[in-house]
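J.: There's a structure below that I have some questions on.
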Amino acid sequence: MVHTNIKHFVLVLSGKGGVGKSSITTQLALTLSLQGHTVGVLDIDLTGPSIPRFFGIEESKVRQAPGGWIPVPVHDAQTLPTADGETHIGALSCMSLGFILASRKDAVIWRGPKKTAMVKQFLTDVLWPPLDYLLIDTPPGTSDEHISLIENLLRQTNEPGAPPNQLSGAVVVTTPQAIAISDVKKELNFCKKTGIRVLGVVENMAGFVCPNCSECTNVFSKGGGEVMANEFGVPFLGSVPIDPAFVQLIEEGTRPVYPRGTVVGGKELGEGGQASDTSGLLVDKYRSCSLCPLFDGIVSRVVADIQSRDA
Ligand SMILES: Nc1ncnc2c1ncn2[C@@H]1O[C@H](COP(=O)(O)OP(=O)(O)OP(=O)(O)O)[C@@H](O)[C@H]1O
Ligand code: SF4
């Protein structure tokens, strides 16, 4: 099935595990929403689905409708107050294997064909609402999931009837250390071989923001991401420091605003499930995180790049 209601697919890739790919996906999604775009996040990291935890919706389950799975809403489109007025944010929803497994502790030990089939199902059987952007959080490296993703996505987005420019490209995440062992170069070569446009490289965990004085210290070497991006002729989107406030934001949990019909903890919420107070929203809290203005710049560059090619 061609997703004619999704304008842009964006992959988030990394050559190595633990470099902060899911964390970057989360922040890209929140920032796109803050900029007014309607966003979906598809987590195809089958062995370690962490997107439900990042968005504070681990207890949620997807609903099965006759045509496929209904993704889990994180928040609806709404208006948030700002210092000088208000801002309109786009709706955000997620799909992950984590919502389907009976327990989060269930280990997924699947052979290649089962993983391939699951990725295909995620790409065809999710009933996304009309989206400006679908961010796809991938497992590290170039695995079965990647090959299935590329085959299905390239085929789907090239099918007659698909809107042009659907597979907009990939954001590649690295850390200063990952660059040193060149895993990320393999990922960039993978993009080159498969014809995926690299929207840019993000160097994560480059420095540490002190929780006391907000001073940023470069614990590891910094700047390698930019050198490598230049070497491959792809944009460098920026260096993101480690900010303990972001970890706290995720760990303390947030209260999502559930639209009517959402299933939480096995119960379907009625109209009363819709909260009018937005102060518990992750996206609202994220606005006060030091990384938010940084991602505003990163996302603006990516969006401008995509839109210039749409024009
Ligand atoms: N810039 C950052 N500031 C603070 N914490 C961060 C930052 N980037 C990542 N983290 C934290 O580091 C941990 C690992 O990040 P994350 O899960 O995003 O990595 P990953 O690359 O997706 O991992 P995996 O390979 O398991 O999929 C998480 O607890 C996350 O909150
Ligand atoms: S950056 Fe400043 S406040 Fe933070 S640990 Fe160092 S000296 Fe202390």
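Yeah, the Cβs are placed from backbone N, Cα and C, and that goes for glycine too.
Automatic, uncurated: that is what TrEMBL annotation is.
According to TrEMBL, the record shows the following:
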- Gly15, Lys16, Gly17, Gly18, Val19, Gly20, Lys21, Ser22: ATP binding site (BINDING)
- Cys210, Cys213: [4Fe-4S] cluster binding site (BINDING)
J.: Please list the binding-site residues from Gly15, Lys16, Val19, Lys21, Cys210, Cys213 whose Cβ falls under 6 Å of any atom in ligand 1.
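T.: Listed by sequence, the hits are Val19, Lys21.
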J.: Let me spell it out: for each of the binding-site residues (Gly15, Gly17, Gly18, Gly20), count the other Cβ atoms within 10 Å of that residue's Cβ, using every protein chain shown. Which one has the most?
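T.: Within the set of binding-site residues, the most crowded position is Gly15.
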J.: If you draw a 10 Å sphere around the Cβ of Val19 (ATP binding site), how many other Cβ atoms fall inside it, taking every protein chain shown into account?
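T.: For Val19 (ATP binding site), the 10 Å Cβ neighbour count is 25.
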J.: Measuring Cα to Cα, how many Å separate Lys21 (ATP binding site) from Cys210 ([4Fe-4S] cluster binding site)?
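T.: Between the alpha carbons of Lys21 (ATP binding site) and Cys210 ([4Fe-4S] cluster binding site) there are 22 Å.
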J.: Whole-number Å only: compute the distance from the Cα of Gly15 (ATP binding site) to the Cα of Cys210 ([4Fe-4S] cluster binding site).
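T.: So the Cα of Cys210 ([4Fe-4S] cluster binding site) lies 28 Å away from that of Gly15 (ATP binding site).
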J.: Listed binding-site residues are Gly15, Gly18, Val19, Gly20, Lys21; which sit with C-beta under 6 angstroms of ligand 2?
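T.: With ligand 2 as the reference and 6 Å as the Cβ limit, the list is empty: none.
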J.: Have a look at the binding-site residues (Lys16, Lys21) and report the one with the fewest Cβ neighbours inside 10 Å.
T.: Lys16
J.: What does DSSP say about Lys16 (ATP binding site): helix, strand or coil?
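T.: Going by the DSSP assignment, Lys16 (ATP binding site) belongs to neither helix nor strand, so it counts as coil.
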J.: Please list, in sequence order, the residues in the chain of Cys210 ([4Fe-4S] cluster binding site) that are at least six apart in sequence and whose C-beta is under 8 Å away from its C-beta.
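T.: Expected: Cys216, Thr217.
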J.: Taking the binding-site residues one at a time (Ser22, Cys213), which has its Cβ surrounded by the most other Cβ atoms within 10 Å?
T.: Ser22
J.: State the Cα to Cα distance, in Å, between Gly20 (ATP binding site) and Cys213 ([4Fe-4S] cluster binding site), rounded to an integer.
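T.: The Cα atom of Gly20 (ATP binding site) is 24 Å away from the Cα atom of Cys213 ([4Fe-4S] cluster binding site).
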J.: Three-state secondary structure of Lys21 (ATP binding site) from DSSP?
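T.: Reduced to three states, the DSSP call for Lys21 (ATP binding site) is helix.
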J.: If you measure Ser22 (ATP binding site) to Cys213 ([4Fe-4S] cluster binding site) at Cα, how many Å is it?
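T.: A Cα-Cα distance of 27 Å.
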